[in-house]
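Novice: Quick one: this structure, given as C-alpha cells, is what I'll be asking you about.
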Amino acid sequence: MKNEKRKSGIEPKVFFPPLIIVGILCWLTVRDLDAANIVINAVFSYVTNIWGWAFEWYMVVMLFGWFWLVFGPYAKKRLGDEPPEFSTASWIFMMFASCTSAAVLFWGSIEIYYYISTPPFALAPGSNGAKEIGLAYSLFHWGPLPWATYSFLSVAFAYFFFVRKMDVIRPSSTLVPLVGEKHAKGLFGTIVDNFYLVALIFAMGTSLGLATPLVTECMQYLFGIPHTLELDAIIITCWIVLNAICVACGLQKGVKIASDVRSYLSFLMLGWVFIVSGASFIMNYFTDSVGMLLMYLPRMLFYTDAIGKGGFPQGWTVFYWAWWVIYAIQMSIFLARISRGRTVRELCFGMVLGLTASTWILWTVLGSNTLLLMDKNILNIPQLIEQHGVARAIIETWAALPFSTATMWGFFILCFIATVTLINACSYTLAMSTCREVRDGEEPPLLVRIGWSVLVGVIGIVLLALGGLKPIQTAIIAGGCPLFFVNIMVTLSFIKDAKVHWKDK
C-alpha cells in the first residue's frame, strides 16, 4: 500500500521547479506592481520586435508541413489499428466544443474594435478600409493557418499514442527518437518538461484572467454588484472550491455534463446573435472579408512593419502566434486522443475544416455584431474601455441585443460554465503532468489537482491586478518562446521515428 501511494504521488523534478518559479514571479509582481508593469512592457517590446519574425516563419513552415502530411507518403497511414472511436459528426462537434472557452468569447467580441481603431498597413483609424480589413485579420489569426500548424503535433501525438503505444503525459516522452532515451529521461527531458509546465501554467492563468472579468461584469449588470478586484478574487476562489468539491465527491460526470451544456448553449447564443444582429450584413461582411483575406494573405503572413513601425504585427500577429504555440501541445494531445483510428489525411483535413468553421463562426458573428453597434452609434466602445475597462465594453455588446436581460443571463451562464470547465481541465492537465505513474483513465491525487487550481487562480488574480491587456499578452509571449523550440523538437522526433516505423512504400 505504501509503495502504491508513492508511485501515484508527485514527480518532484517536474512538480517543484514550476511551482517555485511561478510562485517567485507572482510574489515579485505583487510586491511592486508598477515595477512589474515596466518589466512587462520591456519584455513584450523585446520579444515582439527582435524575435517576432521567428514566430511568423514558424507558422509558414508548419503550414507547408500540413501539405506534406496531407499529400505526402504518410497521408493514408492509420493512427491505430482500431476503427475511428467517434463518428465524424461527433468528432467535429468535439472540436467545436474545444473552441468555446470564455477567453475565445472575450476576443471574439472585442478584437475587431482594436483592428479598426489601430489598423495595419498605415490605414486610417476607423476608415472603411480599416473596417474591411478588420474581420479579415480575425479570420487570418483564427483560421486555417494556425489550425494547419497544429496538424504536425496532433499527428505526432496520435502516432506516439496509437501506433507506438507510448504513454505520453509530458513532451519529453516523445523525444526519445530524437535525443535518445538517456537524454529524454534525464536532465534535458526534465528541462523541456519544466519549460512546458511553466508556460502552460501562465497560459491557463491568462485564460482565467480574461474570463473572470466577463463573469463579474455580468454580475454587475444583472445584480448590481460593483465590479472590483476583490470580487474577481472571490469569484475565482468560488470556482476553485467548486472544482475541489467536484473532484472530491466524484462529480466528474457533472463536469462532463456542464461541458456539453456549454457547447449547446454556445450554439444557441451564437444563433441568437446571428438572427437579431443582422444575418444579411453578417453574411455579406464575412464574404467580403474572405476576399480581403485571400487578397492580402501573402503580406499578412510576412508582415513585420519594419519600415513604418506601427506595431500592429507585434501587438497582434506575433502575440496570437505565441498564443497558438503555447497551447499547441495541450490542444494537440486532445485532438490526438479523439482521433484514434483515423488516417493522417483525415485528421489534418478534419482539423482545418472543422476547427476553422468553429472559430470563423464565432469571430464572424461576434465581430460583425460589434461593428454594427459601433457604426449605428449604439455603443461608444473607446469611452467604455477608458472609463470601465475592456470587459465592460464586451458585456455592453451583448446587453445591446434585444431581450437584453435574457441575453445577459445566457451569456453569464455560458461564461460561468466555461470557466468552471477551464479550471477543472487546468487542474487535471497539470496534475497528470506532474505526477508519476498516473495512467490514462486514472485520476491524479486530489490535493495535487486542488493545489494547481489554486496556483492558476492566483496567477489570474495577479494579472487582473496589473490591469489592461499588455500583462496578459506578455505572459503568453514569454511562455511561447521556450515552447517554440519544444514544439519543433516534438515534430522532428516524430519525423525521425516515422521514417523507421512507417517506411515509404
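Cβ from N, Cα, C; glycine included.
Residues or ranges marked as transmembrane segment by Swiss-Prot: 10-30, 50-70, 92-112, 143-163, 195-215, 231-251, 263-283, 316-336, 347-367, 403-423, 446-466, 475-495.
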Novice: Thinking of Cβ pairs under 8 Å, which stretch from 50-70, 92-112, 475-495 has the most of them with the transmembrane segment (403-423)?
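Specialist: The stretch with the most close Cβ contacts to the transmembrane segment (403-423) is 92-112.
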Novice: Between the transmembrane segment (475-495) and the stretches 50-70, 231-251, 263-283, 316-336, 347-367, work out which stretch tops the count of Cβ pairs under 8 Å.
Specialist: 316-336
Novice: Could you pull out which residues elsewhere in the chain have a CB under 8 Å from any CB of the transmembrane segment (10-30), counting only those six or more residues past its ends?
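Specialist: Result: 36, 170, 190, 193-194, 197-198, 201-202, 433-436, 445, 448, 455, 458-459, 462, 465-466.
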Novice: What parts of the chain pack near the transmembrane segment (316-336), using Cβ distances under 8 Å and only residues at least 6 beyond its ends?
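Specialist: Cβ under 8 Å, 6 or more out: 47-48, 52, 55-56, 58-59, 79, 95, 98, 114-115, 137, 141-142, 146, 149-150, 153-158, 161-162, 168, 171, 196, 199-200, 202-203, 300, 303, 347, 351, 429, 473, 476-477, 479-481, 483-484, 486-487, 490.
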Novice: Go through 92-112, 143-163, 195-215, 231-251, 347-367 and flag the stretch with the largest number of C-beta pairs under 8 Å relative to the transmembrane segment (446-466).
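Specialist: Top-ranked stretch among 92-112, 143-163, 195-215, 231-251, 347-367: 195-215.
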Novice: So, taking each listed stretch (143-163, 195-215, 263-283, 347-367) in turn and counting its Cβ pairs to the transmembrane segment (92-112) that are under 8 angstroms, which one gives the highest count?
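Specialist: When the Cβ pairs under 8 Å are tallied, 347-367 comes out ahead.
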Novice: Could you tell me what the rest of the chain brings near the transmembrane segment (347-367), counting residues at least six beyond its ends with Cβ under 8 Å?
Specialist: 66, 69-70, 79, 88, 91-92, 95-96, 98-100, 104-105, 107-109, 111-112, 134-135, 138-139, 142-144, 147-148, 150-151, 154-155, 158, 270, 273-274, 277, 282, 285-286, 289, 335, 339, 397
